[in-house]
């Protein structure tokens with residue numbers, strides 16, 4: 001991570017940290033860096049989610065891109081993976097998405113995709129950061145024919161929808177409940193599943209600029225659970241604000257998280273001989289029950305740090321085609337280059353239709369261990385050094401010895417906040433509480449702050 005770019009682009013409170021001025025510079029400097037690696041005038045797709053600040057930042061970003069001669073195709077409201085797909089399929093130079101994903105409406109973010117559809121690599125981000133930190137803007141200022149052009153490109157959304165439909169199966173007779181989080185999926189999910197022939201019940205489909213992710217979507221699936229129970233839907237599908245995540249709900253209203261979704265898709269691909277190297281890429285946060293289920297099926301795991309960026313890096317480096325996170329980021333590399341909630345939803349319903357099994361039956365093969373996570377506020381300077389504190393190291397070793405292999409402890413720093421995260425999994429809630437609370441008490445006593 002750099003000074004401006006985190007693991008998922010540049011983020012901050014809109015108009016306070018992520019200002020129009022910064023958005024203009026990101027467009028201008030980002031566009032210039034991209035143009036230095038292109039033989040022709042770059043063509044860049046720009047999309048956004050439904051946040052009230054989206055149009056403000058979009059206008060500033062596009063102005064910056066145009067100022068260095070970039071040709072811009074404005075997609076409007078579209079899922080983040082829709083931008084990634086269109087960049088690659090239409091051979092654009094790059095894509096930019098304006099979104100803060102599952103964060104509340106006051107936040108926003110800007111992330112770049114390279115011409116290959118993957119998030120911009122660290123070297124390109126560092127080139128942009130160097131220009132942001134320069135004392136003077138010395139970039140060329142073309143005039144007249146040297147300026148970029150702007151094209152409204154709403155057909156991009158429809159092309160993305162049609163592509164996702166092409167990867168699925170006819171769903172006639174299946175009742176599907178959707179929660180589009182008042183976000184980017186509100187412009188596409190209904191159409192995708194209508195085209196597949198599903199009977200639909202939809203919530204979280206009325207964005208007003210302020211209600212994105214507000215008590216709806218993958219981080220607040222309670223409303224969808226209730227809708228599924230009341231409507232008798234066969235499955236509920238909850239997306240986050242930019243639709244790069246999916247959390248599902250079975251026909252009984254029970255949650256099916258990213259671990260279970262990855263297992264279902266992974267087992268399906270494995271049985272067809274289509275799971276690359278018979279391996280799923282996951283993170284250190286995946287549940288122990290998920291690991292045990294994969295072991296039972298003979299499916300291998302590759303484990304990375306938390307963050308879909310690291311999952312994708314491992315998949316690309318090692319040639320894997322399925323990976324993801326417990327939070328609902330699922331990357332199916334045969335179809336797209338990044339986590340895609342709507343694509344994952346189409347594949348999940350496809351598996352249900354093809355196997356004739358209910359979602360509860362498919363998900364029941366993974367027994368999730370009770371898990372507890374506690375965040376402890378610490379000084380930023382200490383969060384990466386916690387494991388060097390003797391008392392903390394000692395208590396973790398003591399708790400792991402008590403587990404005797406039937407559980408898991410993970411203590412890690414937050415990548416974005418001054419927090420130390422203490423997580424444990426064990427066969428019972430009582431055991432989990434004991435392990436986490438015991439470790440957390442020691443951490444607070446040693447390095448915690450109010």
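The backbone N, Cα and C atoms fix where each Cβ goes, glycine too.
In Swiss-Prot this protein carries:
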ACT_SITE  101  active site, phosphoserine intermediate
BINDING   101, 240, 242, 244  Mg(2+) binding site
MOD_RES   101  phosphoserine
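The Cβ of residue 242 (Mg(2+) binding site) has 36 neighbouring Cβ atoms from other residues within 10 Å, across all protein chains displayed. Taking the C-alpha positions, the distance from residue 240 (Mg(2+) binding site) to the residue listed as 'active site, phosphoserine intermediate' comes to 6 Å. Long-range neighbours of residue 101 (active site, phosphoserine intermediate) (same chain, six or more residues apart, CB within less than 8 Å of its CB): 8, 80, 109, 240, 241, 242, 244, 245. Taking the mean position of the Cβ atoms of 101, 240, 242, 244 as the Mg(2+) site, the remaining same-chain residues with a Cβ inside 8 Å of that point are 49, 79, 80, 99, 102, 183, 184, 239, 241, 243, 245, 339, 341. Within 10 Å of the C-beta of residue 244 (Mg(2+) binding site) there are 33 other C-beta atoms, taking all protein chains into account.
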